[in-house]
């Protein structure tokens, strides 16, 4: 049944359809989503625990890594539990405030993730290009200011999205063909001009993320120049190994993100079912893989994980 809203600026609940075209498979689709979500939660919680309790991990790089783990937890938790309730319980309704809250945390943590990866790139740049000045440049005070700065920047970028939606009148169907609320998807249900919503909601966050990518690329260009200028091959391999996990996480974050964004904007031949499925995988797979990547590629974390589980079985 099509649900219409006649209350203009005070809309009733929205209906989240799930994954269009695959409704009959929702119960089965929920199983791998649940497993991957549990892996993401457990992996990031272990990572946070190790960074907090192990004094040897109280370094700038691991501080930013703990921020990444926290944002990954929030990102996946903002979307996956509601998706599972749709898949398994048929709980499709979401209130307008609940929709805005979910949208804010999903978009906020996406932009914050990008900023954290940029900060981690700068950390690697200082560690490799100016190792003797590392502790004087990245002081605890500087790290805290950087963390607060990127968090506040992300907040300021995403908060207008919420405000713009609250200014729209809704007098059309309130059915959203998705498993979670996202800015443009909700704005398209309004019976008013959404040009501002489109240009701000699409262009500003994307330009912000692109600027982060450019700064990351510049940092790694300097890093590569410094690495290939090292006198010994062992030192070169060690320096590249230090950056390996970060590069893997960068590729896992930005590659599907830009693919999803471009497919949504220009991929008119991409089916809605594929796009929604891909968007759901994006909020759960990178958060699940990031702890594994750092656990495998970062010796300090790998050793602490082995020690933790050896104590548990001993």
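For all residues, glycine too, the Cβ spot is worked out from N, Cα and C.
Keep in mind that what you see is a predicted model, and the values were worked out from it rather than measured.
Positions annotated as disulfide bond by Swiss-Prot: 99-181. What Swiss-Prot lists as N-linked glycosylation site is 5, 269. The feature topological domain 'Extracellular' is assigned by Swiss-Prot to 1-32, 81-101, 171-197, 264-275. Taken from Swiss-Prot, the feature topological domain 'Cytoplasmic' covers 54-59, 123-149, 219-242, 297-314. For 33-53, 60-80, 102-122, 150-170, 198-218, 243-263, 276-296, the entry in Swiss-Prot reads transmembrane segment.
Here the features listed in Swiss-Prot are painted onto the structure.
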{"residue": "99", "record": "disulfide bond", "CB count, 10 Å": "22"}
{"residue": "181", "record": "disulfide bond", "CB count, 10 Å": "25"}
{"residue": "269", "record": "N-linked glycosylation site", "CB count, 10 Å": "6"}
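Mean per-residue pLDDT, taken over the topological domain 'Cytoplasmic' (123-149), amounts to 92.
Ranking 60-80, 243-263, 276-296 by CB pairs under 8 A with the transmembrane segment (33-53) puts 60-80 at the top.
When Cβ-Cβ distances below 8 Å are used as the criterion, the topological domain 'Cytoplasmic' (123-149) is approached by residues 60-61, 63-64, 67, 219-220, 222-223, 226-227, 239, 242-243, 246 of the same chain, each at least six residues removed from its ends.
Per DSSP, the secondary structure of the topological domain 'Extracellular' (171-197) breaks down as 8 helix, 3 strand, 16 coil.
Taking only the Cα positions, the spacing between residue 99 (disulfide bond) and residue 269 (N-linked glycosylation site) is 28 angstrom. DSSP assigns residue 99 (disulfide bond) to a helix in the three-state reduction. Distant neighbours of the topological domain 'Extracellular' (81-101): 10-18, 26-27, 29-30, 33-34, 37, 162, 165-166, 179-181, 186, 280; these residues of the same chain sit at least 6 beyond its ends, with a Cβ under 8 Å from one of its Cβ atoms. When Cβ-Cβ distances below 8 Å are used as the criterion, the topological domain 'Cytoplasmic' (219-242) is approached by residues 121-122, 124-125, 127-129, 297 of the same chain, each at least six residues removed from its ends.
Residues 2-6, 8, 11-20, 78-79, 82-83, 86, 94, 99-100, 102-103, 106-107, 161, 164-165, 264, 272, 276, 279-280, 283 of the same chain sit 6 or more residues outside the topological domain 'Extracellular' (171-197) yet have a Cβ under 8 Å from a Cβ within it. The helix, strand and coil residue counts that DSSP assigns across the topological domain 'Cytoplasmic' (54-59) are 3 helix, 0 strand, 3 coil.
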